[in-house]
Protein chains: 2
Amino acid sequence: MEKAQTLKGFRDFGPSQMRVRNFVSQIFRTTFEIFGFEPLETPSLEYAKTLLAKYSTDTDKETYIFKDLGERDIGLIYDLTVPTARYLAENSGKIRYPFRRSQMQRCYRAEKPQKGRYREFMQCDIDIFGEKGPLADAEVLSCAWEIVKKLGLDGGFSFKIGSREVLYNLLSDLDVTDCEKQMQVARSLDKLDKIGQDAVLEDLSKNGLQIGLIKQIFANLTNSSPTENLKAIMDYAILLGIPKEKLVFSPTLSRGADYYTGMVVEGVVAEPKIGSVLGGGRYDNLIKSFGGQDTPATGLSFGFERICDVILELGLFANALPNTTTRALVILASPFISPQSSPSPLFPYALKALSYLRKSDIPSEIYLNQKADIAKQLKYASEKQIPYAVIIGPDEVANNTVTIKDLGKRSQKTISLKEVFPLIKFN
Amino acid sequence: MEKAQTLKGFRDFGPSQMRVRNFVSQIFRTTFEIFGFEPLETPSLEYAKTLLAKYSTDTDKETYIFKDLGERDIGLIYDLTVPTARYLAENSGKIRYPFRRSQMQRCYRAEKPQKGRYREFMQCDIDIFGEKGPLADAEVLSCAWEIVKKLGLDGGFSFKIGSREVLYNLLSDLDVTDCEKQMQVARSLDKLDKIGQDAVLEDLSKNGLQIGLIKQIFANLTNSSPTENLKAIMDYAILLGIPKEKLVFSPTLSRGADYYTGMVVEGVVAEPKIGSVLGGGRYDNLIKSFGGQDTPATGLSFGFERICDVILELGLFANALPNTTTRALVILASPFISPQSSPSPLFPYALKALSYLRKSDIPSEIYLNQKADIAKQLKYASEKQIPYAVIIGPDEVANNTVTIKDLGKRSQKTISLKEVFPLIKFN
């Protein structure tokens, strides 16, 4: 058969990559819990009309849409915001607000794969639904800051904070009152960092804005101040433990999605060179537009894949994350005694030792090939970087002991099974 | 907008369902680790030709297949066995064998939704690749037994164990030597429990086997004995701690998939009435057929969804799993002092208390609406079943204390912030 392969933009995660992913997702999970965010999961597939309702047209092209066997137009989720909005609308009246929810799932984008961008990726969100006040936004920022610290990325980190309120007020003052025009400006501004001011100017000009007006928008925006609400958000965030200098008012920050209504935020790091590690903001009208109650909302997405890539590339956790989680390999000193392939009489004792280790929550294996000599078994342990070998020979069986070998220090001693537990568990 | 809804056969998991799912998946994850199984994850989408290569034709019809933007025929994974076989083939030579791998991911089947069957579901597998001997099969059974015990399902549990070796040898003895015919018999036998012996007989007769021959097959199979290899598997499983009476030789057990070559197994429970909670077996030729090395393989799938359904339906963990993981709600005794909506002067102290609790790893919230009176805040805590309220008023701020209220016992006392930690953490 022709050799099978993964699709372009899709990835396998072997054990060493999974250790990093599990490490990162564990930090997310426990921190979400400490901040009172409750877990939610929704389907990977939704009706196409649900998925395509709420984005700009750019994202529509990147959504996997197809027909199922019942000829329904369906698609793979592009993010977690829209499925959650659908969930809240569908469960109107059943949810206790304010609802702090966390969600961590795979999402799918049919975009051109490139470094750090994949067609399938882990999305990781927190949001607070049902509360308009600035404390909700500050809570979300505060949880993000805690995660950034636990990931060890806080050194050059800062929150860039803008506001759609500031932007839309300013546009209204300049008589740009059409809603679609206002969102067009927001979408163009989002490309500022990537393509620069001239290109944004050209982009807006193509969309029918006068050059003079655009320049005026830029000037007014750059000189704008935070609203009272944005000031309160930052004050609360500081009280919740975010250092003041980490909160940077960035009036030209806009973010791409049309649905933002208030604060918009991106978390950027100076080192390593990965740019933004999180982003989000307030979106008070999205849930209602899905047919739900009028539900204010604010939240953040974390760049899970980017964070894992950095950790893997820089080998940040090379020492902290062992090559294997297995702590002990049970080894038979003389695997078979008779010239036939009948099992060694040491087996019952070896399997008892193995079961004992596992009952003590020590991750353990036994070498499975019953005919392998001791050298081969030790080689397996050392290649997998298993720290201890628990060796069983006729003397050990006779004396009800085991010989335990520290494969790093290359030292060994013969002890009772009960003495193995503290030795392996706490070293 | 028209109210959005989930697709038929797809489900949302709210916080209380997620607590059960996280509880079950945590048992899987930690037990896999204790037994030396290493985590692997593969994409949700694969080339259609990869997905459709290895099943019987029945499963082909249940696989979501579609074209992506590049007109490639792709599909959503139907199980985890085929993607892993593809992974091993693609990474030939890079993997250290024997390779014990665990995998837990969503899979997709376009089948008719019914109770306990969903179009999207969590699949949860362990397999050992690269070892032919009976100890590998026994290790897989032993890990499964540990999980069944931890789930509390061990009471009426037993492993039904059959063998494709026994079946194929017996068929060869009766001159049914054609490979496709042999697999047809295996596929029909798999339906025995569901449709009964007469229907299986009819099914095989339609596929061109003589009635007399079929009856002979049934008779010989029912009277067959375990092979030496199957006996060794059961002996090792007993040594690894599975009670002897839990291992039941069931010669007519066959399982549906064509790829099995040796032991086949199902784990069934008498109570509650959910039937099989796990299934699998040995499949020594599958990896090679994907273009990889000749790699013997044996493994099991767990019925994750079925297990979660039972736990939810029977309320098995109603007491063990609280309604929320949040332990404390910080409450302002007098939320605002001035008639304006300016924030309470108690806020800085309240947010400091909140941060302190979280730093101590105590999951905590603050009531977000700054204008709510104390009754409303206490109602929120009690509805969410948060066990403690940490109340902050002017006296508490002046004396650097908090008043902590046990919402279950309805008792309260005023203590320093440092005293809160042991009280909440260990009660």
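Glycine residues also receive a Cβ, built from the backbone N, Cα and C atoms like all the rest.
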In TrEMBL, L-histidine binding by A:ASP79, A:LEU80, A:THR81, A:GLN123, A:ASP127, A:ARG255, A:TYR259, A:TYR260 extends, among A:ARG72, A:ARG109, A:ARG117, to A:ARG109
Taking every residue in the domain 'Aminoacyl-transfer RNA synthetases class-II family profile' (A:1-322), the average pLDDT works out to 91
So if I measure Cβ to Cβ from A:ASP79 (L-histidine binding site) and keep only same-chain residues at least 6 apart in sequence, which ones fall under 8 Å? A:CYS107, A:GLN123, A:SER301
Using a Cβ cut-off under 8 Å and a sequence separation of 6 or more, which residues in the same chain sit near A:TYR260 (L-histidine binding site)? A:ARG164, A:ALA186, A:GLY281, A:ARG282, A:TYR283
DSSP, reduced to three states, assigns A:ARG255 (L-histidine binding site) to coil
Three states by DSSP: which one describes A:ASP79 (L-histidine binding site)? coil
